[in-house]
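Taken straight from TrEMBL:
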{"type": "DOMAIN", "residues": "C:10-522", "note": "domain 'Cytochrome oxidase subunit I profile'"}
{"type": "TRANSMEM", "residues": "C:28-49", "note": "transmembrane segment"}
{"type": "TRANSMEM", "residues": "C:69-92", "note": "transmembrane segment"}
{"type": "TRANSMEM", "residues": "C:157-180", "note": "transmembrane segment"}
{"type": "TRANSMEM", "residues": "C:192-218", "note": "transmembrane segment"}
{"type": "TRANSMEM", "residues": "C:238-263", "note": "transmembrane segment"}
{"type": "TRANSMEM", "residues": "C:275-296", "note": "transmembrane segment"}
{"type": "TRANSMEM", "residues": "C:308-333", "note": "transmembrane segment"}
{"type": "TRANSMEM", "residues": "C:345-371", "note": "transmembrane segment"}
{"type": "TRANSMEM", "residues": "C:383-405", "note": "transmembrane segment"}
{"type": "TRANSMEM", "residues": "C:417-439", "note": "transmembrane segment"}
{"type": "TRANSMEM", "residues": "C:459-483", "note": "transmembrane segment"}
{"type": "TRANSMEM", "residues": "C:554-572", "note": "transmembrane segment"}
Amino acid sequence: MKGLTSKFKAVGALMILALILSGCGEEFLSALRPQGQGASDILSLMILSIAVMMFVFVVVMVIYVFVILKFRKKKGQEDFIPEQVEGSHTLETLWTVVPIILILILAVPTVQYTFSLVDTSPQVNAEGEEEDQIWVNVTGKQYWWHFEYEGMDVTTSQEIYIPTDRRVYLSLHSEDVIHSFWVPTLQGKIDVNPTGNRNEIWIDADKEGVYWGKCAEFCGPSHSLMDFKVVAVSPGEFEQWVKDMRNIDPEETPESEVATAGQEVFANNCMSCHANGTSPNKIGPNVSNFGDRERIAGVLEYNKENLMEWIETKGEEMKPGNMMTTAAYDLSDEELDQVAEYLMSLSPSEITPENAEDNEYIESDLSDLFIDQEENEDEGSEGESEGDSEGESEEDSDSNQ
Amino acid sequence: MADELLKSTNLPHDPERATLEGKNKFLGFWFFLGGETVLFASLFGTYLALKNSHLDGVPASELFGLGLVFIMTMILLTSSLTSVYAMYHMKNNAPKKMMLWLGITVLLGLSFLGLEIYEFNHYVNDYGHGFTTSAFSSAFYALVGFHGAHVAFGLGWFILLMVRNWKRGINLYNAPKFYIASLYWHFIDVVWVFIFTVVYLMGVVG
Amino acid sequence: MSATATKKAGFGSVLWDYLTTVDHKKIAILYLIGGFFFFILGGLEAMLVRIQLIQPDNNFVSAQFYNELITMHGTTMIFLAAMPLLLALMNIAMPLQIGARDVAFPFVNALGFWLFLIGGIVLNISWFTGGAPDAGWTAYTPLSIFSEGHGLDYYSIGLQIAGFGTLMGGINFLVTVITMRAPGMTMMRMPLFSWTTFIASVLILFAFPALTVGLFLLTFDRLFGANFFDPSMGGNVVIWEHLFWIFGHPEVYILILPAFGVFSEVIPTFSKKRLFGYSSMVFATVLIAFLGFMVWAHHMFTVGLGPIANSIFAIATMAIAVPTGIKIFNWLFTMWGGTLRFTSPMLFALGFIPSFTIGGMTGVMLGAAAADFQYHDTYFVIAHFHYVIVGGTVFGIFAGLIYWWPKMFGKVLNEKMNHWFFWLFFIGFHLTFFLQHFLGLMGMPRRYWVFLEGQGLDLFNFISTIGAFFMAAGTILFMYNIVWTAMKEPKASGDPWDGRTLEWAVSSPPPHYNFKQLPLVRGLDPLWIEKTEGNGKMQPAEPLGDIHMPNNTIIPLIMSIGLGIAGMGIIYQVDNPMWWIVAVIGFIIFFGSMAVRSLKDDLGHHIHKEDLEKEGDGSNG
């Protein structure tokens with residue numbers, strides 16, 4: 001009975017602790033306000049470790065305060081010589097054994113989560129079947145992110161769309177220095193290495209929203225500006241988005257005349273680095289759905305002035321050390337206006353970040369996406385034409401069996 | 001009192017450890033070799049991690065021939081033995097004989113170094129396997145080259161000691177110096193045994 | 001007129017004395033001056049960093065300069081401030097504590113200092129020659145390979161030189177502890193600070209060579225076209241991380257163990273009690289050092305080593321909490337039942353206990369590999385290691401400096417000012433770093449030049465910067481106190497704190513031969529034993545006789561300068577091969593002076609019995 005109440009108290013204390021911590025930070029950024037399985041698993045581990053550690057801290061502090069108050073030198077003690085205690089086996093055993101037990105308590109869930117957080121094997125649904133996996137090849141570059149949806153013929157940069165309530169599997173690789181992929185609200189971070197291993201991890205979101213991602217490994221002057229967004233939409237919306245994104249016609253003429261002129265400026269000056277549609281070109285970010293972006297260059301407020309300034313200055317001040325500064329183009333004010341207009345008109349999908357915030361939930365088991373994928377496989381999709389993604393296409397075919 | 005240190009008569013059996021300074025040197029040098037072990041261990045680790053990154057260059061299995069390296073190994077092992085003889089004569093206060101054996105040690109060391117230079121030259125000229133060719137080549141030259149530099153330093157050390165003490169005989173002041181130089185030489189020898197095994201044998205086998 | 005003239009001559013000879021000294025007490029002062037200079041420099045860099053982060057989207061410094069600041073702040077504080085200051089404490093206290101007249105290798109001791117100083121100077125020259133290193137103090141490849149300019153070359157060469165110095169210092173202390181102890185001073189009677197010096201030296205010996213190799217490879221890659229870390233040439237960037245942390249993690253214990261040692265001296269002295277659980281303290285120290293070598297990969301949980309490796313390193317890391325916990329409780333129970341005097345060293349010790357406990361707690365939290373996926377490379381980590389390094393090492397350094405100040409300079413620092421200093425520094429420290437734990441969890445990665453508005457990070461960053469100003473104010477007060485004390489405070493006795501160990505049995509500052517007659521040690525806390533048995537001072541273990549002492553020499557300084565010149569030549573030979581001449585000259589100076597040292601007999605000198613008799617008893621003034 002006594003054990004039960006103390007257990008109850010412990011749980012209560014943990015809940016209070018969780019409540020306090022959840023007050024910290026913004027919903028879209030804070031690791032303390034998890035929106036996905038990974039982040040909430042980690043938060044529960046954090047809370048357990050904080051609780052264990054608080055216990056130790058309280059014990060230390062109680063003794064500490066008592067000692068300071070009780071044993072301070074008092075008047076008339078000048079000649080007092082305290083007993084010169086050598087030690088105490090009982091006490092010393094006590095404070096060796098208790099910490100060992102505490103650490104064991106902590107070690108078990110630690111090991112468990114250490115395995116589960118990077119376990120990219122397919123999930124098993126209620127019927128005991130393995131679910132199809134959505135794999136995205138993530139490339140980190142100074143200072144932006146590139147996403148290729150394996151076998152779906154979809155390419156995008158800076159903003160990755162995922163369906164809610166379903167794991168999305170990431171395979172990460174860097175083309176220059178080490179970066180680290182971190183969406184605090186969804187999952188812990190994982191390094192994006194240029195050599196050696198190609199890291200894999202999964203992310204998922206419990207509810208729709210736009211979640212902020214950061215580069216967490218020091219990568220140069222604009223390390224702090226290497227933000228990206230995870231746009232989590234309902235599965236039905238995601239399905240729609242994929243279908244829209246794979247049917248992009250880069251040649252399609254925009255509605256306004258200014259934008260049409262901009263399309264030509266873009267073709268003449270920008271296309272050698274920036275692709276529109278599912279092109280393997282990833283020297284610079286893919287602009288397929290630039291019109292739907294939340295931010296310019298990952299960090300700047302999305303408006304035309306900022307975009308024009310960015311193109312004109314090549315981001316020299318806005319994102320120091322970025323690779324666009326070496327681009328050779330030189331545009332007139334009019335051309336700048338046109339190309340900005342064009343970029344902002346690029347909105348091939350009716351699914352945009354707004355759909356992540358409208359609370360509209362469209363069901364789908366996404367099975368359509370994987371049927372198409374099987375068809376595509378014979379033709380050889382964009383992703384597979386790249387030498388470095390062989391490993392992932394294998395994963396893919398596994399998931400389709 | 002200071003003169004006592006420089007007298008070569010009445011030496012105890014272990015002249016290298018008879019004074020506090022000698023003992024300190026002896027112990028300190030062992031610790032130094034402990035640090036050197038970590039240094040070479042790090043280089044070995046790097047080499048093992050990179051030995052297959054030869055890109056378009058020649059892989060280890062085609063590059064190394066064991067014949068020359070075996071001769072080099074024998075030479076260095078022998079030189080270790082001759083330095084043991086030298087120390088034996090130092091303990092018996094026989095400076096002439098010590099110098100003789102040290103001289104042989106130096107000659108063997110020099111021939112090892114000569115062969116190593118020939119070997120490197122061969123790799124560079126006949127296989128295009130230079131320091132900057134690939135990660136594998138960089139790691140190879142770093143590891144074996146570091147060892148070679150140690151050999152060269154050791155030779156310089158021996159020669160310097162021999163020149164300085166040619167006419168002085170053995171005393172409590174220079175005995176520790178000879179002794180730790182020979183310790184260093186043994187260490188280099190042991191490292192080479194590992195290089196022979198890890199780099200050459202394992203390289204040729206696979 | 002003539003008075004100034006003699007004063008000037010005096011200054012010249014004092015300077016020469018310090019340039020050539022091999023006396024561990026003077027080398028301690030040199031380390032203190034050098035280390036404190038770099039501490040101020042690193043502190044200034046930190047202030048600029050904090051000012052940049054006082055508000056979102058701030059443009060106080062440029063991105064490039066900011067990266068140079070954080071890199072140099074970390075590098076300077078670890079290698080050029082904390083380590084030398086600890087070496088200053090080790091040099092002043094350890095030989096005295098074990099009853100030695102000097103260290104085992106006085107020449108090497110001096111060489112170690114000069115190499116550190118030259119290495120530090122070389123590193124900082126980079127500020128004036130086109131930019132300091134900018135790849136973080138960890139210099140992760142390939143960022144450090146691709147970094148333009150010579151900043152990273154200064155990093156690798158400067159640290160290489162300073163690292164050699166530290167390695168020599170380590171070997172020297174190891175041998176000193178083993179062979180130079182006074183009669184009766186068995187290992188298990190050694191004061192804890194000497195023990196931690198010994199163990200930290202073991203760590204230095206086995207950790208620094210890994211850094212040496214890492215820096216060599218970095219130098220080869222950057223200056224000689226090697227391909228260790230270049231992805232396009234088959235290099236592997238993770239090798240650097242392993243080498244760096246195989247060195248880097250033990251380095252953390254090199255920094256903290258001596259601080260533990262200081263507190264293990266300060267707390268018993270000011271509690272008037274012997275250290276509780278002495279043998280378990282020794283055992284815990286050894287265990288921490290041992291485990292310290294098997295946990296390096298906990299800095300690399302997110303690299304992708306796989307869950308098996310991560311789990312093993314996680315558990316090894318958590319295990320370190322056990323011996324550390326033993327220490328905390330032993331200190332608490334040392335105070336239990338004692339009579340506590342709240343002197344300023346004791347205040348730092350008392351401030352250390354809760355601060356370090358928090359640092360240890362977050363350490364265990366970080367050790368939980370899965371959770372580290374969130375903590376890693378965020379301000380949570382920044383907060384953690386500042387709690388450990390400032391709350392542990394820096395508090396320890398200040399406690400030790402104030403405690404042993406009379407042994408270095410013959411005066412006790414003004415206590416009142418030191419109390420103020422403590423409170424300013426202590427409050428500022430918690431203000432600066434406590435909230436950074438939360439900043440990290442709220443989504444702020446480390447090494448961020450700016451943070452954007454509207455992410456909920458503004459307030460805590462602002463408070464953190466305010467805290468930094470408190471710490472700066474405290475440090476300025478401490479510097480003022482140094483000057484004030486030098487001018488106004490009276491001379492201290494040999495035993496101003498009512499000490500328990502051998503260093504308090506000689507005058508302040510001690511004669512250069514330390515002990516006229518080596519003391520006979522009869523147990524732990526030898527001076528305390530003599531005090532309680534009514535002798536009041538140490539009994540000699542030998543009759544009065546001639547004392548053999550080493551000669552001063554300028555060679556360590558020349559050797560170090562030679563190596564510094566060679567380093568500069570190596571850095572610039574890529575631009576112009578003529579610089580090879582400089583490099584060769586440098587190496588000739590270096591190896592030449594090494595040869596001179598080897599060839600020239602240097603037997604030291606003797607202080608004669610008759611002169612010693614004239615000097616009074618030299619103990620416990």
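Sequential numbering from 1, following the chain as shown.
Placed from the backbone N, Cα and C atoms, the Cβ positions cover glycine too.
Against the transmembrane segment (C:383-405), stretch C:417-439 shows more Cβ pairs under 8 Å than any other of C:157-180, C:192-218, C:308-333, C:417-439, C:554-572. In this model, the domain 'Cytochrome oxidase subunit I profile' (C:10-522) carries an average pLDDT of 95. Counting Cβ pairs under 8 Å that are 6 or more residues apart, the transmembrane segment (C:69-92) and the transmembrane segment (C:275-296) reach fewer than 3 and are not in contact. Long-range contacts of the transmembrane segment (C:459-483) within the same chain, counting only residues at least 6 positions beyond its ends with a Cβ under 8 Å from a Cβ of the stretch, are 40, 43, 46-47, 50-51, 53-56, 398, 413-414, 417-418, 420-425, 427-433, 435-436, 438-439, 442, 444, 451. Ranked by number of Cβ pairs under 8 Å to the transmembrane segment (C:275-296), the listed stretches C:157-180, C:238-263, C:308-333, C:417-439 are led by C:308-333.
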